[in-house]
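Engineer: According to TrEMBL, the record shows the following:
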type	residues	note
ACT_SITE	Asp67	active site, proton acceptor
ACT_SITE	Asn136	active site, for ring-opening step
ACT_SITE	His138	active site, proton acceptor
ACT_SITE	Glu143	active site, for ring-opening step
DOMAIN	14-225	domain 'Glucosamine/galactosamine-6-phosphate isomerase'
Amino acid sequence: MNIFTFKTEEDFVQTGANLIASLVQSKSNAILGLATGSSPIGIYTRLAEMNKKGLVSFSQVSAYNLDEYVGISGDHSQSYKTFMKENLFNHIDIDLQNTHIPNTNAADLDAECKAYDLALEQNGPVDIQILGIGSNGHIGFNEPDDHLYGGTHVIDLLEETLEANARFFDSLDEVPKQAITMGVASIMKARQILFIARGASKAEAVKAALQGPITTQCPASLLQCHPNVIVLLDEEAGSLL
Ligand code: GLP
């Protein structure tokens, strides 16, 4: 595991963007695993700038997102579909047909989960998976528990996750209580994982993930079993290492 801690946001963002851009430059039909949350936004903005300057093209790239809320429509302002369009897809030359986010408006959510896994299996593996961490150690929306699921599944979000994400909604009551998330096995199948965390609120979770015991109570700790993880942190998130 290669761990890099950055003093400036600029260095964090440029390093993350360079890693993804150089992959796409050498493999034009790369498969990207994408994440939402505040941590990757700067990297997405930089990739869009690089795309506009002609430094990298996403025209042949496919993308699979980690997760999506259940109970809000895809065009809701806080859906992850909207997030990805606003923060990345609308600003790069990717073909929207090649972008994939679990469809939580499907009539049969279990069938949707199976179809998502099948698509990942047939088209994958993901070349690089961008992965944030929840302050409780979740990855995607795989919450700490006695057991974790390998494949894509519907999950009940924990109270602490609802509270952490309430800042994006008008009230706590409006935060969706369920999501579809890729499971830990699906995440671990990526050839490379770009694990990113920013801010003091992530310091404990980052320490548990990278240096604690491997346990389902900290889903991110499973990354210690992955052969190719690059960790990008700001000084606050890396302060306890
Ligand atoms: C949500 C997403 C996670 C993400 C987390 C971190 O919970 N489902 O995949 O890692 O947010 O968000 P942030 O980057 O804003 O701290």
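Glycine is treated like the rest: Cβ placed from N, Cα and C.
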Engineer: Asp67 (active site, proton acceptor) has how many other Cβ neighbours within 10 Å of its own Cβ?
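Structural biologist: Its Cβ shell of radius 10 Å holds 23 other Cβ atoms.
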Engineer: Within the set Asp67, Asn136, Glu143, which active-site residues show a CB-to-ligand 1 distance under 6 A?
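Structural biologist: List returned for ligand 1: Asp67.
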Engineer: I'd like the number of other C-beta atoms within 10 A of the C-beta of Glu143 (active site, for ring-opening step), please.
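Structural biologist: The answer is 22 other Cβ atoms.
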Engineer: Provide, as an integer number of angstrom, the distance between the C-alpha atoms of Asp67 (active site, proton acceptor) and His138 (active site, proton acceptor).
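Structural biologist: Cα of Asp67 (active site, proton acceptor) to Cα of His138 (active site, proton acceptor) measures 12 Å after rounding.
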Engineer: Report, in whole Å, the straight Cα-to-Cα distance of Glu143 (active site, for ring-opening step) from Asn136 (active site, for ring-opening step).
Structural biologist: 8
